[in-house]
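Undergrad: Dumping the structure here so I can ask a few things about it.
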Amino acid sequence: MCVCVCVFEDCPFRFENCKKQHGVDDNKKSSVILVAVVLCPQSCPLRRDREQVGVAAVLRTRICTSRPETTSVLRRDAAMRGSKRCRRDRPVCMTNCPTLIVMVGLPARGKTYISKKLTRYLNWIGVPTKEFNVGQYRRECLKIYKNFEFFRPDNEEGLKIRRQCALSALNDVRQYLCMEGGQVAVFDATNTTRERRDTITRFAEQNGFKVFFVESVCEDPDVIAENIVQVKLGSPDYIDCNTEEAVADFMKRIKCYENSYQPLDEGLDRELSYIKIMDVGRRYLVNRVLDHIQSRIVYYLMNIHITPRSIYLCRHGESDLNVRGRIGGDSGLTSRGKEYAKSLGHFIQEQNIKDLKVWTSQMKRTIQTAEALAVPYEQWKALNEIDAGVCEEMMYEEIQEHFPLEFALRDQDKYRYRYPKGESYEDLVQRLEPVIMELERQENVLVICHQAVMRCLLAYFLDKSAEELPYLKCPLHTVLKLTPVAYGCKVESIFLNVEAVNTHRDKPENVDISRPTEEALLTVPAHQ
Amino acid sequence: MRERGSLSAAKGALLARQHVVGAERAHPDAPAEDLGSMVGTCLHFSLFTNSPTVIVMVGLPARGKTYISKKLARYLNWIGVNTAVFNLGQYRREAVQTYKNYEFFRPDNEEAMKIRRNCASNALTDIGAYFTKEQGQVAVFDATNTTRERRGLILSFAKEKGYKVFFVESVCDDPDIIEQNIMQVKLSSPDYENCDKEEALEDFLKRIECYKMTYVPLDEEKDRHLSYIKIFNVGSRYLVNRVQDHIQSRIVYYLMNIHVTPRSIYLSRHGESDLNLLGRIGGDSGLSTRGQMYASALAAFVQSQSIRDLKVWTSHMKRTIQTAEALGVPYEQWKALNEIDAGMCEEMTYEEIQGHHPEEFALRDQDKYRYRYPKGESYEDMVHRLEPVIMELERQENVLVICHQAVMRCLLAYFLDKSADELPYLRCPLHTVLKLTPVAYGCKVESIFLNVQAVNTHREKPPNVDINRKTEDALQTVPEHV
């Protein structure tokens with residue numbers, strides 16, 4: 001009996017001697033099931049939401065999309081029982097073939113910036129993605145970086161090591177995509193020669209991966225210099241150098257690559273799928289987009305930019321329902337909430353932000369907050385708070401009283417749990433995707449939204465996992481200023497000095513469906 | 001000459017009022033003054049650029065410019081961006097009543113050149129009028145625009161008026177595709193009404209030669225300050241330069257997702273459901289017996305059609321899933337395909353809605369497209385949530401979509417280019433499959449009733465939509481039910 005809940009022979013998580021590996025006792029049947037669920041990693045595309053019927057926990061597995069016969073069996077059950085807690089599919093994003101994204105370009109062309117950003121985006125929309133930076137493999141191998149001579153094209157020893165590192169990285173890519181449930185791998189290296197790219201293409205063909213190249217071409221010396229200052233000087237390679245030395249060495253490093261650089265060619269490479277990004281997005285050449293995920297990647301890459309700007313995230317001012325400890329609804333601001341709106345107006349004025357755009361949801365409390373700013377604002381339905389379905393406008397105490405099972409299920413998997421006739425955080429992420437895309441296109445924006453919505457947006461910018469997302473702290477009357485810097489985001493938290501209730505409920509210790517009421521309500525914040 | 005109407009000022013005012021009223025209903029204790037400012041800025045997302053955009057098609061004849069123009073306009077109008085196509089060929093046909101032969105297009109034909117230049121100016125004037133007087137947001141200038149001189153003319157015009165310009169160039173050197181184009185759309189053009197096929201083909205090819213002599217494609221270097229997308233060989237490659245704003249980014253995304261591979265899209269509703277029988281809207285009920293019969297009939301139908309690589313999509317609601325189950329093939333569930341959320345009116349009969357919310361009922365009849373159920377959705381909201389479905393439908397080939405009445409109306413309106421006024425009254429009866437096959441510049445529709453009886457769920461717009469109307473007037477068009 002295998003602990004892995006997945007029934008398919010080729011499930012990457014099914015182990016021959018799983019009992020031994022996971023130290024499971026045959027006699028303790030229930031512990032087997034629990035262990036299995038814990039072991040099936042979140043990222044496994046074969047994992048599914050758990051369903052509990054009555055008191056007996058029935059834990060079932062996600063259907064592998066390549067097995068139609070089992071798909072229909074499980075779906076029939078789901079259909080008969082009611083679809084509100086049915087599994088939801090990523091709309092067509094899951095091709096059965098994993099995709100290998102291959103970065104191409106000289107050093108300091110933004111490859112790692114693009115890799116990390118793309119990885120963050122794909123993970124946020126639910127496509128398990130991981131980046132593999134060959135430079136890191138080289139640092140592990142070499143331990144100490146002396147100087148640019150390592151990269152000279154006539155340095156035989158250096159070439160050998162670099163080739164080994166690339167192969168080692170590709171091996172890990174294979175491991176990730178075949179065994180660990182990854183869907184997309186980003187191979188972050190210069191890959192500047194046709195020979196290297198052919199090696200990668202062959203590797204992908206052998207393993208049944210689709211390949212998509214992302215080439216970054218840039219000749220603007222200012223952009224390159226800015227890159228070097230922002231991310232190269234702080235690299236482990238230059239830890240003991242001063243700025244001038246580091247810059248001089250890095251420029252020589254780039255020179256080593258320049259002579260053998262063979263950019264993707266419209267003629268020779270016309271059978272490949274790729275996007276060539278020229279001059280940080282001024283121009284794009286897109287060739288042979290094969291499927292949905294590549295189309296989404298292209299769309300994303302064409303919408304991001306590196307112009308310095310800041311994104312301000314905040315919630316509406318304190319609302320009447322907040323004060324009474326009730327979730328959802330569409331109430332107006334309390335007097336403290338109105339005070340906050342005024343403070344927000346002053347704050348914005350002081351910050352002197354160039355061309356600030358203000359966005360709100362279509363709910364009263366955000367609109368009233370924006371009104372106090374006396375600037376034009378846009379309302380997005382997509383920014384509306386999570387729909388709590390049958391639990392709308394209830395207090396947590398009432399939810400515990402009327403729907404104790406639901407309350408416990410939510411605590412067990414707050415990200416995927418969908419309120420009956422409502423939404424889940426996972427649904428929210430889907431509906432917020434166009435907002436994120438537009439945020440990427442824009443420059444300075446202030447988004448006045450809601451707790452769950454703000455958590456989703458924050459998770460995108462700060463690369464938080466699905467587990468952390470629903471518990472991110474987004475208190476009322478606090479503005480978070482996000483400024484993209486190097487490969488990530490700088491966060492400044494500014495409390496605008498107007499008191500408000502706390503609406504943050506931590507995950508309680510006991511999430512069992514048969515827990516006593518006090519334990520369920522342990523972490524509920526105080527209210528009227 | 002110009003196709004398609006747009007949102008009139010009156011409807012715009014209704015839209016504004018609608019949002020205020022809808023909000024009031026949802027929150028009876030809201031003070032009226034708070035709602036005043038909501039009126040001006042309600043947008044779904046920042047598609048609305050402040051300056052109008054002129055999309056300029058570029059390319060030799062038979063490169064798919066008109067195909068792209070019409071498709072793009074249809075898409076933009078559907079998502080709520082007022083767009084119109086200005087086809088220069090039509091202006092020319094008005095100016096020169098009878099087309100003799102290709103000689104008209106010779107570059108040394110001075111007389112013809114004058115006429116053609118005039119037509120271009122007229123078209124540009126009409127574009128200006130469309131933007132200023134008819135609240136147009138995007139105009140597609142469908143012509144060859146193959147010389148730098150002509151493009152320069154358009155750029156100066158746009159600069160003077162403050163319009164943005166985005167070029168869409170179609171480059172194709174595959175002779176099969178070009179011939180296919182000519183066969184599909186040129187031979188039936190008014191220009192060749194009285195010719196036989198061979199004559200028409202020969203003349204058209206000579207016409208293309210006339211343009212080739214002076215064709216200057218958009219150049220990566222010389223035109224690097226322009227915003228454009230160059231489409232090579234029906235989409236195998238794209239070159240995109242200087243995308244300026246959101247609408248251009250959406251246009252690029254759309255153009256990169258469409259294709260011309262022949263295929264069919266099958267639209268159908270779920271089988272008759274229990275709530276359908278009771279005359280109740282919304283909800284999440286299962287299939288009735290007849291509904292299950294339909295599901296089997298649908299399976300048989302799909303089998304008989306022998307469709308290559310058919311994809312099947314359903315919503316997350318029981319009734320569509322149960323219908324798909326009977327097909328015995330893999331299917332995908334889309335939350336976006338769920339039926340319109342009727343908010344407070346979920347699972348009510350029309351009689352009950354009239355009984356409990358007579359004013360809402362009337363408001364809905366006044367503007368069914370924009371009316372949003374309290375705590376629910378409007379058709380307009382649905383169009384926005386269906387946009388990713390449409391984008392994916394464009395990418396795919398053969399697809400069967402099993403959905404719901406309001407959803408099907410929205411999808412159908414996209415494919416058949418129906419206006420926002422017609423959309424909520426499109427007929428989508430139960431147990432009927434609509435087979436849509438793209439052909440020439442539009443879509444061929446075949447309606448196949450699968451011979452399993454079902455209730456009628458279609459409610460026409462009643463003559464009296466006044467909020468003070470009598471109950472009988474309100475319920476006049478309600479279809480029969482148990």
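From the backbone N, Cα and C atoms, a Cβ is placed for every residue, glycine too.
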Undergrad: What does TrEMBL list, out of A:ARG282, A:ARG283, A:ARG365, as binding the same substrate as A:ARG315, A:HIS316, A:GLY317, A:GLU318, A:SER319, A:ASP320, A:LEU321, A:ASN322?
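TA: So, going by the record in TrEMBL, that would be A:ARG365.
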Undergrad: Which value in Å gives the longest Cα to Cα span across the substrate site residues A:ARG315, A:HIS316, A:GLY317, A:GLU318, A:SER319, A:ASP320, A:LEU321, A:ASN322, A:ARG365 as recorded?
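TA: Greatest Cα separation within the listed binding residues comes to 14 Å.
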Undergrad: For the recorded substrate site, whose residues are A:ARG315, A:HIS316, A:GLY317, A:GLU318, A:SER319, A:ASP320, A:LEU321, A:ASN322, A:ARG365, find every other residue on that chain with a C-beta no more than 8 angstroms from the centre of their C-beta atoms, and list them by sequence position.
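TA: My list of surrounding residues reads A:VAL323, A:SER331, A:GLY332, A:LEU333, A:THR334, A:GLY337, A:LEU476.
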Undergrad: Quick check: in three-state DSSP terms, what is A:ARG315 (substrate binding site)?
TA: strand
Undergrad: Should A:GLU385 (active site, proton donor/acceptor) be counted as helix, strand, or coil on the basis of DSSP?
TA: coil
Undergrad: Using Cα coordinates, what distance in whole Å links A:ARG315 (substrate binding site) and A:GLU385 (active site, proton donor/acceptor)?
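TA: Computed Cα spacing between A:ARG315 (substrate binding site) and A:GLU385 (active site, proton donor/acceptor) is 10 Å.
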Undergrad: About how far apart, in whole Å, are the alpha carbons (Cα) of A:GLY317 (substrate binding site) and A:GLU385 (active site, proton donor/acceptor)?
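TA: Their Cα atoms are separated by 14 Å.
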Undergrad: Let me check the 10 A CB neighbour count of A:GLY317 (substrate binding site). How many other CB atoms are there?
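TA: Total other Cβ atoms inside 10 Å, all chains included: 30.
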Undergrad: Tell me the Cβ contacts of A:SER319 (substrate binding site) under 8 Å, same chain only and six or more apart in sequence, or just say none.
TA: A:SER331, A:GLY332, A:LEU333, A:THR334, A:GLY337, A:ARG365
Undergrad: Do me a favour and check the Cα-Cα span between A:HIS316 (active site, tele-phosphohistidine intermediate) and A:GLU385 (active site, proton donor/acceptor); whole Å is fine.
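TA: About 11 Å separate the Cα atoms of these two residues.
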Undergrad: Give me the non-local Cβ neighbours of A:GLU385 (active site, proton donor/acceptor): same chain, 6+ apart in sequence, Cβ-Cβ under 8 Å, ordered along the sequence.
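TA: Set apart from A:GLU385 (active site, proton donor/acceptor) by at least 6 residues yet with Cβ under 8 Å, we have A:GLY328, A:SER361, A:MET363, A:CYS449, A:HIS450, A:GLN451, A:ALA452, A:VAL453.
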